[in-house]
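Lifted from Swiss-Prot, the feature list:
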TRANSMEM  17-37  transmembrane segment
DOMAIN    94-211  domain 'AB hydrolase-1'
ACT_SITE  Asp169  active site, nucleophile
ACT_SITE  Tyr281  active site, proton donor
ACT_SITE  His336  active site, proton acceptor
Amino acid sequence: MARLRDCLPRLMLTLRSLLFWSLVYCYCGLCASIHLLKLLWSLGKGPAQTFRRPAREHPPACLSDPSLGTHCYVRIKDSGLRFHYVAAGERGKPLMLLLHGFPEFWYSWRYQLREFKSEYRVVALDLRGYGETDAPIHRQNYKLDCLITDIKDILDSLGYSKCVLIGHDWGGMIAWLIAICYPEMVMKLIVINFPHPNVFTEYILRHPAQLLKSSYYYFFQIPWFPEFMFSINDFKVLKHLFTSHSTGIGRKGCQLTTEDLEAYIYVFSQPGALSGPINHYRNIFSCLPLKHHMVTTPTLLLWGENDAFMEVEMAEVTKIYVKNYFRLTILSEASHWLQQDQPDIVNKLIWTFLKEETRKKD
């Protein structure tokens, strides 16, 4: 009887794990079926158009705009990977490290590179697997532990022990984890449109609306098919994400120009360029929830109210995981791509946060 009591907790844990993974893969199958129907519909309308992809051999001129900074590379010790980044501002100034989301790369921070270089060494990174940064082949190389170690090693390689850390979307997830695991490395934390990781995992299990909005997390668990679907019709999905009325950048004057959009398509149309970014998501269900989750770094959370991928209620709940100073600002009529959609307002809010004194909660 005593042995049975000892085994019962392990048995319950095993059953919960089996149930969880059964639900994950069932939803993966459902998402894959929906995308397969989309593919068949596209083929029915015109197979030639579905598989059309013009060659893009040369990067658009905007990617070499000198006003954005200097293209640099650093090889880090732990993994041996070479990382690409664009840096603006003088060496020796305090470091501001910018982590992009999906499907983005360093260029999504173009407004911030210009804005903050007067007082900071601003570094906009291509994350592991993105852009000109090395992309390991195996999905195991994209676990959250690896991504966290990347940022720690990059700081060391750049000669800094701490930074102002800003992350958007998936980069926001990594920024939260850095602040949790290495609080001494983060002077101030700024996250754009991504809640605390524990809030995200708890909320998605209880709210079907967020489960639907995050369906791509599940679709990305499937090998090769997501990359294929992302690239058909000359990257129609990518264009839709940034330009459509439902998901795109809506503010007039900040919408992506033809050249901006071509820059995104150029980067993700390179051979194998989609597998690295999607591999980030292929490990997420084995890494969450977190064992340690409290944030002690002064934190600013910025949120676009019209985010098509994240429920705004998650932003409000995030404050329970921040022990120290926490400020939340929700911008009305702003999309998920907040730092590109409302750059003037976002930059002003960041400046205010950086310059104000942040005291611990009583």
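In case you wondered, yes, glycine gets a Cβ from its N, Cα and C as well.
His336 (active site, proton acceptor) sits 8 Å from Asp169 (active site, nucleophile), taking the CA atoms of both as reference points. Under 8 Å, Cβ to Cβ, and six or more positions away along its own chain, the residue listed as 'active site, nucleophile' finds His100, Gly101, Phe102, Glu104, Ile192, Asn193, Phe194, His336.
Neighbour count (other Cβ atoms within 10 Å of the Cβ, all protein chains): 20 for the residue listed as 'active site, proton donor'. With DSSP states grouped into helix (H, G, I), strand (E, B) and coil, the domain 'AB hydrolase-1' (94-211) comes out at 59 helix, 23 strand, 36 coil. Classification of Tyr281 (active site, proton donor) by DSSP places it within a helix. A simple way to gauge crowding: the CB of His336 (active site, proton acceptor) has 25 other CB atoms within 10 angstroms, across all the protein chains here.
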